[in-house]
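**Q** First the structure, then my questions, so here it is.
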Amino acid sequence: MKKSFLFTSESVTEGHPDKMADQISDAVLDYIIERDKKARVACETLVSNGFCVIAGELKTSVYAPMQEIARKVVQEIGYTDALYGFDYRSAAVLNGIGEQSPDINQGVDREDGEIGAGDQGLMFGYACKETPSLMPLPIWLSHRLTEGLAKKRKDGTLPFLRPDGKSQVTVRYEDGKPVSIDTIVISTQHSPETQQSHLKDAVIEEIVQKVLPQEYLNDNIRYFVNPTGKFVIGGPQGDAGLTGRKIIVDTYGGSCPHGGGAFSGKDPSKVDRSAAYAARYVAKNLVASGVCDKAIVQVAYAIGVVEPVSILVDTQGTGKVEDSKLTECVKAVFRLTPKGIIESLDLLRPIYRKTAAYGHFGRELNEFSWEKTDKVEAIKDFCGIK
């Protein structure tokens, strides 16, 4: 008898308040790192009804025009009219940025040229064979839906849509493999005059049917489109948004553990971000090499210390070689010191705004160097697999 279960993941659009905050924080990071590669950035953003607060710590010689950066992000997301609940022109932008503590900095910038970890912590990476990008199917589908909401709003196909929105996809698995979609939930902000029946039909026809792979669609899918009724008040007018509040959306949709550290607004000396990217890089290359069908990779660091304090590979029983050997392989093939990660993934680039919506992983963009599978042959050689 086949073992059957349901698994659910969610995504949010770029106009969700938490994602607005993430994008502003990463836009600040991009502005600074483009001009000062030695900068240390920890930028946190709050958006609420009619205002935005940018706070955190910097160590840089660059002046960053915070108001201009924040307003440009909000404009590009689509909050261009007060009727949407937030307007890039009239929103107040408050700057509470301070200087990085020298106590932290002394452990990061070392005299020997190495970089100490910016904090202690544990990070996870994951890969599996459920999608071509080696991501879990539920989160991959959820991101495609929220991307679809934004695309159809911006290109005018569904002009009644507004920037705020969410998706959630429940997938049925049999014997550990995805076989069909069970439930789709979409909540999207819309114009006041929009009829709910029209909105539901349009979202299913223009987004679900055109975005999701036909192999997973069936006549028995349960659809919940704006299940509470109208969704006119949205964005920061409806809910406050904060940087780092969507860490499961940002990663694997709950398919693997999470160390708890957020990404956005942090320069790559912060291992919360860079080591999580490296762990994905490791996991994806392990699965792509064929040595396993799934890989969870954990790395952990101590503040100011160069080498990781632990590295773990868990293939959940799918490995063709022992997990302990794969752990040794990772140590031999990959550079997992903060400096090694930054150099091997070329992380001192203004690439981070793009990561701040629709997932940091599983998107084949040129900027996303951690999605490369250029270590496959080295892994095969180490493991003796042809």
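A Cβ is built for glycine as well, from the same backbone N, Cα and C atoms used for every other residue.
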**Q** Would you identify which residue of Gln100, Gln195, Gln196 Swiss-Prot lists as part of the L-methionine site it also attributes to Glu57, Asp239, Lys270?
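**A** Within the candidate list, Swiss-Prot flags Gln100.
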**Q** Does Gly165 (ATP binding site) have same-chain partners at least 6 apart in sequence with Cβ under 8 Å from its own Cβ, and which are they?
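**A** Long-range Cβ contacts: Val12, Thr13, Gly15, His16, Thr146, Leu149, Ala150, Ile186, Ser187, Thr188, Gln189, Gly234.
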**Q** Can you tell which of the binding-site residues (Lys230, Lys270) has the fewest other C-beta atoms within 10 angstroms of its C-beta?
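**A** Counting other Cβ atoms within 10 Å of each of the binding-site residues Lys230, Lys270 gives the minimum at Lys230.
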**Q** Could you check which of the binding-site residues Asp18, Glu44, Lys230, Asp239, Lys246 is the closest Cα neighbour of Lys270 (L-methionine binding site)?
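**A** The answer is Glu44.
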**Q** Once the DSSP letters are reduced so that anything not helix or strand counts as coil, what is Gly165 (ATP binding site)?
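**A** Strand, per DSSP.
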**Q** Compare the C-alpha of Lys230 (ATP binding site) with the C-alpha of each of the binding-site residues Asp18, Glu44, Glu57, Gln100, and give the closest one.
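**A** Nearest by Cα distance to Lys230 (ATP binding site): Asp18.
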**Q** Reduce the DSSP letter at Asp18 (Mg(2+) binding site) to three states and note it down.
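**A** Once the DSSP labels are grouped into three classes, Asp18 (Mg(2+) binding site) ends up as helix.
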